[in-house]
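What Swiss-Prot records for 33-53, 77-98, 113-133, 178-198, 226-246, 288-308, 320-340, 347-367 is transmembrane segment, and it gives similarity to another entry as the kind of evidence. Marked as heme b b562 binding site by Swiss-Prot on the basis of similarity to another entry: His83, His182. Per Swiss-Prot, heme b b566 binding site is recorded for His97, His196, and the stated evidence type is similarity to another entry. Marked as ubiquinone binding site by Swiss-Prot on the basis of similarity to another entry: His201.
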Amino acid sequence: MTNLRKTHPLMKIINNSFIDLPAPSNISSWWNFGSLLGVCLIIQILTGLFLAMHYTSDTMTAFSSVTHICRDVNYGWLIRYLHANGASMFFICLFLHVGRGLYYGSYMYLETWNIGVLLLFAVMATAFMGYVLPWGQMSFWGATVITNLLSAIPYIGSDLVEWIWGGFSVDKATLTRFFAFHFILPFIIAALAGVHLLFLHETGSNNPSGLSSDADKIPFHPYYTIKDILGVLLLILVLTSLVLFSPDLLGDPDNYTPANPLNTPPHIKPEWYFLFAYAILRSIPNKLGGVLALVLSILILAVMPFLHTSKQRSMMFRPFSQCLFWILVADLLTLTWIGGQPVEHPYIIIGQLASILYFLLILVIMPITSLLENNLLKW
């Protein structure tokens, strides 16, 4: 009798994706982040579901409903901080996952990569709307500043902003619709992640060498299931440590003050995971130019496959490209730091230089260096 997992229509899908899937024998821990992102998404959906049971999306009661969750609901504080810090873990895994893709040339799988870029945008949109929901000072002003950026779009801009707001300012209508979208988007993300996996399994995983691994495959289970479980345990360890010891480490104290449209906080800034893009936005004095730079800072990932000039897929055997990759990482960390600083000298010029370097590295320096490496290797 044939094994049920190989014949049952539902079990067969699970079997071919997580059990009998042929995987390269040499993929490192950098390949763990896909499964970690799946775990993060499950954590976020579950904690979010329980928060939604007690949350009210009304400007008058939103802030106090979050306070009620923390004070009166059984383990409400735990659920709330798991959700807030779970988002931070989500983005840490996302950035490492994308970084791995850039380093090892995973972007050569076009469909998988493009769905991934779409997923990144969807997660960023979800996180932004989630940050608005507690209706603290930074929630309100963050929503006001970021939605206002759309007014830079010629002709339709101001109408578009009022349409998104559902009025003439960020108010009840905005909060209600943001809650609705924040609730539905994670399920769309889950569906997109399924498509992401579907396309990945059409080609099979890449590996650190960037060479074909068809001659040397091993079954996903038990080898990589065990490896993924170790990753998940480490993720949960870091998340619970953060939640139980310093839950507000990555948050903004201003968000513990109820939203007040008449009082602007001295420094409006988003959560840490958006700071690099926020720094790029601020480094351009022109509003439309800043918005374009902001969008392009993420959208530039979609053109990575077309900027690949090397004869080798991975950076494993390309020391010059490796140096440039780590300069790019340092540049992004610099941008993240600048995004959290006030707009004054010397932060302005540092931010502008870091923004120029970011685009120069990706669009010009790295492709030229790859061509140079081809010539050095006489390929």
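Cβ coordinates are placed from backbone N, Cα and C, and glycine is handled just like the others.
Overlay of Swiss-Prot annotations on the structure.
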| residue | record | contacts (Cβ under 8 Å, 6+ apart) |
| --- | --- | --- |
| His83 | heme b b562 binding site | Gln44, Thr47, Gly48, Leu51 |
| His97 | heme b b566 binding site | Phe33, Gly34, Leu37 |
| His182 | heme b b562 binding site | Gly48, Thr126, Met129, Gly130, Leu133 |
| His196 | heme b b566 binding site | Thr112, Ile115, Gly116, Leu119 |
| His201 | ubiquinone binding site | Asn16, Ser17, Leu21 |
Most Cβ pairs under 8 Å with the transmembrane segment (113-133), selected from 33-53, 288-308, 320-340, 347-367: 288-308
Proximity verdict for the transmembrane segment (320-340) and the transmembrane segment (288-308), three or more C-beta pairs under 8 Å: no
Same-chain residues at least 6 beyond the ends of the transmembrane segment (288-308) whose Cβ lies under 8 Å from its Cβ atoms: 98, 102, 105, 107-108, 110, 113-114, 117, 120-121, 124, 149-150, 152-154, 276-278, 280-282, 355, 358-359, 362-363, 366-367, 370
